[in-house]
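Note sheet for the following structure.
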Amino acid sequence: MANLMTVFLVMEVIVSGFRFGAYGLNMNYYLMSCPLMELVVKDILNKALQDDPTLAAGLVRMHFHDCFIEGCDGSILIDSTKDNTAEKDSPANLSLRGYEVIDEIKEKLEKQCPGVVSCADILAMAARDAVFFAGGPVYDIPKGRKDGTRSKIQDTINLPSPTFNASELIRMFEQHGFSAQEMVALSGAHTLGVARCSSFKNRLTQVDKSTTLDTEFAKTLAITCSFGDNAEHPFDATRNDFDNLYYNTLVTNNGLLTSDQTLYTNPKTRNIVNSYALNQALFFLDFQQAMVKMSMLDVKQGSRGEVRENCHKIN
């Protein structure tokens, strides 16, 4: 009897560890219905990232932009129609990349397990694996998200602007249940990728240059912007590596966006930036926890969602 009780206790611990309560998500959600799902995602994603490492930044950003609008429901993947302009066609989303990777994964999974794996889960897993591929922390996320049936351009007004100051960022993230520390940790995703001049040229004004922008860095950005609004500049010197260099750029007033540099300028967040700049392991720990939390924002369950056959259109 004692041994039997031990078995039951161990099973309860395991089940509790893989269940996510009211969210209805589960680490082993596809264990029986699509057992090779994880292998398909990792295989296709790794091949795509080996061919083009810059896609890691695009996939992480796409996941963030998906979750902050209507929750993590794959709404960012839906195409516009003659009757509706979708989220992806918002100016804030025109630079997103990696749709073809999600499509390839979905196509293969539909052949193996038709109508089972949601586009929302595929995107969340792709972002997770992109972080790890780029050298970031390894973490897992619960699965079981359903795909949303709404995607409207007007909803993207709820995305944080690159010109936001720290107070505005704190307020917006608080609306989604995140602390200031979690907001700073999630901002660390900017260790990957680039931004266009149209997003940072406001930093080249005399007011900004005199207070929060390194003089030499300002000259570099001015040269970049001389090639037009679509000219790109990396957030830090290791654009394809997931590390803590992003925070070190803020300490030296080399933050690319206003919404980056403000994290060091504002006393409410400066110490968090300093701690991540000094301790990459701490950043990795806080980032992975914040990413898991973000991946569960307003997940759709039951009649609130569906599993799309094609990620680009509602069934």
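Residue numbering: from 1, along the chain as shown.
Any Cβ shown, glycine's included, is placed from N, Cα and C.
Taken straight from TrEMBL:
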- H65: active site, proton acceptor (ACT_SITE)
- D66, G71, D73, S75, E87: Ca(2+) 1 binding site (BINDING)
- P160: substrate binding site (BINDING)
- H190: heme b binding site (BINDING)
- T191, D236, T238, D243: Ca(2+) 2 binding site (BINDING)
- C34-C113: disulfide bond (DISULFID)
- C67-C72: disulfide bond (DISULFID)
- C119-C311: disulfide bond (DISULFID)
- C197-C225: disulfide bond (DISULFID)
- 24-315: domain 'Plant heme peroxidase family profile' (DOMAIN)
- R61: site 'Transition state stabilizer' (SITE)
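Ranked by CA distance from D66 (Ca(2+) 1 binding site), the recorded positions C113, H190, D236, D243 have H190 at the top as the closest.
Nearest in space to C72 (disulfide bond), taking C-alpha to C-alpha distance over the recorded positions H65, P160, H190, T191, is H65. Closest to R61 (site 'Transition state stabilizer') in space, going by CA atoms and restricting to the binding-site residues E87, H190, T191, D236, T238, is H190. Within 10 Å of the C-beta of S75 (Ca(2+) 1 binding site) there are 26 other C-beta atoms, taking all protein chains into account.
With a cut-off of 8 Å between CB atoms and residues at least 6 apart in sequence, the same chain places F68, E168, L169, M172, F173, S259 near the residue listed as 'substrate binding site', listed in sequence order. Spacing of C197 (disulfide bond) relative to D236 (Ca(2+) 2 binding site) is 15 Å (Cα to Cα, whole number).
For the pair formed by T191 (Ca(2+) 2 binding site) and C67 (disulfide bond), distance between Cα atoms is given as 19 Å, rounded to the nearest Å.
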